[in-house]
Amino acid sequence: MEVDHRIRVSDGDGNGETTAGQGGVVGVFFAGCWLRLRSVLAGLWCWVDGFARKVGRIAREDPRRVAHSLKVGLALTLVSVLYYVTPLFKGFGVSTLWAVLTVVVVMEYTVGGTLSKGLNRAFATLVAGFIAVGAHQVANRCGAQGEPILLAIFVFLLASAATFSRFIPEIKARYDYGVTIFILTFSLVAVSSYRVEELIQLAHQRFSTIVIGVLTCLCTTIFVFPVWAGEDLHKLTAANLDKLAQFLQGLESECFGEKAASENLEGKAFLQVYKSVLNSKASEDSLCNFAKWEPGHGKFGFRHPWSQYQKLGALCRQCASSMEALASYVITLQKSQYPEANPELTLKVRMACGEMSSHSAKALKELSTAIRTMVVPSPASITMSAAIKAAKDLRNELSEDAALLQVMHVAVTATLISDLVTTIVKIAETADNLARLGHFKNPEKTQKDVAINIPNR
């Protein structure tokens with residue numbers, strides 16, 4: 001016999017009842033909500049903890065980033081005084097906000113970057129202001145009906161010419177930001193001159209506040225924990241040489257040395273160091289451009305040959321591209337495990353390759369140290385004489401057997417082309433994914449539609 005343990009509670013009128021079973025359902029519902037809330041809070045805490053760790057790691061990698069953030073806050077606080085102090089605000093008016101805007105857009109991480117943007121902005125504002133005021137004076141003589149037409153013509157011609165000048169490589173590299181500010185300032189002043197009465201006073205106020213913002217940025221960037229683009233470029237060049245030397249040292253010890261490793265080379269760190277050298281072009285070009293704006297500092301004179309760093313970087317990337325092909329070939333050769341047909345010749349080739357790698361790595365290390373310490377390096381012919389001699393001896397050894405030399409050239413060429421085929425297959429797969437995700441047209445379907453639409457004759 002079953003006993004009903006539910007407690008029935010009447011509402012007084014006998015119309016409704018609530019059972020203990022319903023209370024249990026409510027309890028389960030709230031328990032589920034609490035579990036979900038705990039899960040959400042735990043996920044949120046994990047995200048906050050991960051973000052805080054990431055911020056801490058970025059700050060530890062380069063503490064200058066923290067200093068730069070504080071410098072931006074300091075510069076904005078200083079220019080805000082123009083707005084907060086009543087006598088200064090009355091002198092400049094609402095144009096004081098241009099000083100704040102200037103700090104926001106001009107302040108860069110390096111001294112060269114700030115100088116580049118600041119001088120471009122100040123000079124472009126000055127030139128555009130003068131031309132705009134002159135255009136207003138000329139247009140004003142054409143009467144009320146001709147003034148807007150002539151102003152529109154001036155804006156069209158100068159904006160078009162300035163925009164086209166941005167495609168000139170020399171202007172694009174160093175003065176692109178200045179040209180943009182020129183277009184902006186000229187257009188604002190020229191257009192507003194049709195409605196504003198005191199145009200010269202307005203232009204003077206805006207130019208003065210922009211100069212104040214630029215000077216604030218320059219003083220903060222140069223005198224408070226400065227970050228020099230030239231110094232960073234110098235260190236980057238020396239570091240790239242070290243990475244190339246590290247690749248050759250690993251190649252000599254892991255592939256051609258007496259204790260050459262027999263395990264898989266694909267995951268070795270030394271076979272990956274050249275990749276950062278290949279990807280350094282954008283950083284080098286940017287740092288070189290900013291370094292040319294910087295005044296003399298430390299060991300770097302005013303007319304330091306910064307363009308030589310670009311040439312050196314291009315040669316390093318050329319060397320790194322050869323290392324990329326060499327790494328791919330070494331990995332493929334190690335995986336193949338072909339039997340040695342001529343052990344004596346194989347030993348000679350290994351010894352010659354090891355010697356060339358060792359001496360080349362030593363030469364790169366010496367060059368890196370010489371650049372880092374800014375001392376004249378020893379002549380390359382002295383350091384590389386042993387490597388050059390080993391390469392010449394190997395070439396003479398192989399030239400004695402023309403058939404073998406030909407087979408070696410064909411084998412190396414075939415190996416590199418096979419690697420290219422593998423890479424092209426990956427390119428094709430990626431292109432297919434792009435076509436699928438981008439909803440490209442199907443050529444077969446398009447041809448069928450065209451055939452259907454062609455009338456029968």
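In case you wondered, yes, glycine gets a Cβ from its N, Cα and C as well.
Range with TrEMBL annotation transmembrane segment, chosen from 118-137, 398-417, is 118-137.
Per TrEMBL, the stretch carrying the note transmembrane segment among 175-195, 364-384 is 175-195. Take the transmembrane segment (175-195) and the stretches 92-111, 149-168, 207-228: counting Cβ pairs under 8 Å, 149-168 has the most. Proximity of distant same-chain residues to the transmembrane segment (118-137), defined by a Cβ-Cβ separation under 8 Å and at least 6 residues beyond the stretch ends, is recorded for 102, 105-106, 150-151, 154, 158, 175, 177-186, 189-190, 193, 199-200, 203, 206-207, 210-211, 214, 217-218, 293. Long-range neighbours of the transmembrane segment (69-86) within the same chain, counting only residues 6 or more positions beyond its ends whose Cβ lies under 8 Å from a Cβ of the stretch, are 92, 96-97, 99-100, 102-104, 107, 209, 212-213, 216-217, 220-221, 224-225.
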